[in-house]
Ligand SMILES: Nc1ncnc2c1ncn2[C@@H]1O[C@H](COP(=O)(O)OP(=O)(O)OP(=O)(O)O)[C@@H](O)[C@H]1O
Ligand SMILES: [Mg+2]
């Protein structure tokens, strides 16, 4: 939104409209197929789980879905003792 | 242990979600740790009202089914550090919630948070009963209108019969929160009065929230009305109600129609 828009459209309705557009675009897409961000999340976690045992308590996943861009943040704390590859013990 | 408060009504659309967000944010602003739990499975809305809809990763059903930890599903509010949201899922399967699962989640939450607010779905069926099941207190959201008062009465009956507390023979603390109160219509005698509502329900009053454009504005912005502009009349009424919920003794003032010079000139709608 540029400065001119700010002056042209006042009030809270434009904000509501934009929020809904982003949300509904996402929800409609997901009715037919899982969204990319969720797929990435699942696969990244699976890869990590193959190499280290992660305690779910040390794992935080956050997302922020935007109109043109979304962010996915996966924050994992890996305790050094459990950071050995699982493949070794198998 | 924190207090578990269910926000319930029976009737739909009376202001439960609005009130959950507004009361929860008002309490959290004072530094208390607050969790808001959306029980409206399939029709979640609390995330939108809180402005957190873009950040939902996991939800209540994920936690109950064990696919996510509670700590992973809780979304921290961006404005108030001590305020958290546990979203409902969008699944169509209403039986995704089990009583056992809900009990565990509520127990964990109440061991960490000072307040756990449960936003009930409308109706008196399973979803509404699960939302109230583990509550210590109830906020019964009522509009000054016959069908809403009637449904509140039914909900009060359920609170006294179907909650764990009631089954143990204890009393669940109940408070009526009258919302969408229109002082002009009350002055014209077109709306049940506060006294009528309280007399019929014989339950103490937590507050009176006026009908206000600011509520719509706040939901457009994705902010509880008590955070977006704490000075407007609805926000002030919610902040006072939150204080009463915390045990403060504040008299409730019934909003009245102020007929000023402009009102007389241009009709009553000026404000
Ligand atoms: N004090 C108020 N003044 C004006 N509008 C209000 C007020 N309180 C609630 N509303 C509006 O009433 C509508 C219903 O509110 P809300 O979603 O909070 O109700 P609900 O009880 O949670 O509904 P449901 O039963 O569907 O879950 C919303 O559009 C909301 O903006
Ligand atoms: Mg609701």
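Residue numbering: from 1, along the chain as shown.
A Cβ is built for glycine as well, from the same backbone N, Cα and C atoms used for every other residue.
Database features (TrEMBL):
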type	residues	note
DOMAIN	B:5-225	domain 'CobQ/CobB/MinD/ParA nucleotide binding'
BINDING	B:11, B:12, B:13, B:14, B:15, B:16, B:17, B:18	ATP binding site
What does DSSP call residue B:16 (ATP binding site) in the simple three-state scheme? helix
Taking B:11, B:13, B:15 as the binding-site residues, the residues having C-beta under 6 A from ligand 2 are none
Residues other than B:11, B:12, B:13, B:14, B:15, B:16, B:17, B:18 within 8 Å, Cβ to Cβ centroid, of the ATP site? B:9, B:19, B:122, B:141, B:179
According to DSSP, residue B:11 (ATP binding site) sits in coil
Restricting to the same chain and to sequence separations of six or more, state which residues have a Cβ under 8 Å from that of residue B:17 (ATP binding site). B:38, B:40, B:45, B:46, B:49, B:119
So which one is it: of the binding-site residues B:11, B:12, which has the fewest other Cβ atoms within 10 Å? B:12
Using a 10 Å radius around its CB, how many other CB atoms surround residue B:15 (ATP binding site)? 22
Under 8 Å by Cβ from residue B:18 (ATP binding site), same chain, sequence gap 6 or more: B:49, B:179, B:215, B:219, B:225
